[in-house]
């Protein structure tokens, strides 16, 4: 058996401790599977005195993660500090320059600085692995980079923020408005310190940007992701969508279109009986479509100690086995800068309009939709909602987003709406 | 860029031609992702004159697959002939001895002879990859061998024969008996020449045996798989199960129990709203449970030219990238022979009893169940089925299979049954 692979772990939060526990619990199994022992040499975290749920006495303690990144007895630097800059980025760069491979769970860092980091690593002959950065324990990076390597990827989709899916699911099951469930989630500790990272779609957007890069051979570009959070999803829309056979999900979609690379993370309707529609609670799902494989669906826990540590371990075992792949699946120097593009793929849309309850109101709406070139698949008018308004739901036939934009702008000018129209794309899944 | 990886392909059926097409269509993409060109040197099939949907003129034709297996200008022998012995096995062994790596889609061969083949390959420093052997385009071998390498796998389950799932789904949706749908499937060309491979559960059993070996570090042992096909699944049971909130699937389950390794492929009930319960038609699904990752669900096409060729290509790219793993994820020489065991995991069971419509019949049944130590979760008696019989459904609380055996043996002795009792395990998913 070969010499051990020696790890230095920086960051001993939930994930870091999860990794330590797996290494302690399964040392023999990991050695068998890796072909060599995998050991921890040094660990580092902010507060040495903090009570942690693991025995760290066998490992050298470093107050400074930089000392781990440069330690001569460390082969792989495991960065679990987090954050898109500062010590996380600095220590990774230092580790690469010191000849270490890097394993990280840091989605923000990769989404924002993945390209220069990949170029640096590859120029030094080092690898950076990051299975845990996207969708926790779900093997999505490996599936896309390796299992689907024979495919031109045509579309990647995913529900990749468990907190948002929890909130949307709970709104439906409890019939509660967004604000109430948001408050519940906060009290349950489900939200980040800055909750807009979750509910604003930013965390999920980071993940989508990483997947896009691998899928389409483009430089990772978080800035090009169109992002909309779940804050404006109303309980009304959740109920109405359900009536029409749909569920609302914070769905990331990336696809290469004739106009360029479309990347969007926004609330969408999906059929209630599709795998994405049936996903409840904090579970994640990634859907990958390739020209040969068709559609592959991957489902699992997107967060938590065990699942995330499991993903980190898959990267560590990969390096222990001597597997050395380019960071984004093909050489970083050859990745092209994608032309960001709004979707060029027609879709059905859901619209909810609150109309004045007076003769001719519906005719005016229908005229605007007709002028926009939008044809209607289904329309439902409900009984009076408040004294002076009636909700009208429209599901359109497939149409271009520009037509929807035109309608959304023109509809208020009819003078028959009592509130702003709501539109949500119905993603074909 | 390194020297090309040179393939020799033996077998030009659906999958072989699919692989050729991908290599032709995506030569540049594959070179980029593999770090080197991937080329075809030689091909072989039974009938050179057969009209095939691909231009093979650039490749050397060999009538004898052995010539491909030994050709000096072939690095990887791609065996797509099929069959659990004969030329498939001989040519693989010859290729390994000639210093070639091997990629195959041959589940029967691996299930029946995987252990000696793996030992041979590893003693020669060669690899055998077989992603396409299990669940077509779904990356289950790679996920289990690599992505979940940090986990002790606790259970593997799967719907891995699309034809059986098509038949069961179609029985439910069309309300047709097994025989009628079997005949439909035959006319649609969904069945193997020997249909018992499909409906008898043998094909799916091969796949389960392969997954078990990787999951539990045991020598692949198809003989130890308890197999029951779908022939005895009646339309009555499908309807009754649905009434109780379940669907019937041909489900493979492997788990390590205190008694030994349990491997069974049999019709089971699963909750209708679970991912497995919602799987309709020919799609496959594999569920893997690990001690850290929790439950991972993988879903996709289990057969067909594109999906299966996609899986073969993932193996080819892996070898092109220089990745060299043990055949079953850890050295074959260290794999232990598993003690086969009947399930030791208690479960709820579904029972359908056709009772004589006379006083005291139900009491006699309840007495037998009580004597067996089986406690009843739900019971439903339906209206008369035929003049002299009433169907009674029982869903038990969790119980050991031995108790069910006792009851199934004792129930006919009550004298109140008009036909043999039916029992199906309800798998907790």
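Cβ coordinates are placed from backbone N, Cα and C, and glycine is handled just like the others.
Database features (TrEMBL):
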BINDING   A:107  NADPH binding site
BINDING   A:192  L-homoserine binding site
ACT_SITE  A:207  active site, proton donor
DOMAIN    A:350-427  domain 'ACT'
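Using DSSP to sort the residues of the domain 'ACT' (A:350-427) gives these counts of helix, strand and coil: 25 helix, 29 strand, 24 coil. Counting Cβ atoms from all protein chains shown, the residue listed as 'L-homoserine binding site' has 13 others lying within 10 Å of its own Cβ.
Annotated pair residue A:192 (L-homoserine binding site) and the residue listed as 'active site, proton donor', C-alpha to C-alpha distance, rounded: 16 Å. Look at residue A:107 (NADPH binding site): DSSP puts it in a helix. Mean pLDDT for the domain 'ACT' (A:350-427) in the predicted structure: 92. Cα-Cα distance from residue A:107 (NADPH binding site) to residue A:207 (active site, proton donor): 6 Å (rounded to the nearest whole number).
A C-beta separation below 8 Å, combined with a sequence spacing of at least six in one chain, links the residue listed as 'active site, proton donor' to A:107, A:111, A:133, A:134, A:135, A:158, A:160, A:161, A:252. Its Cβ placed at the centre, residue A:107 (NADPH binding site) has 26 other Cβ atoms within 10 Å.
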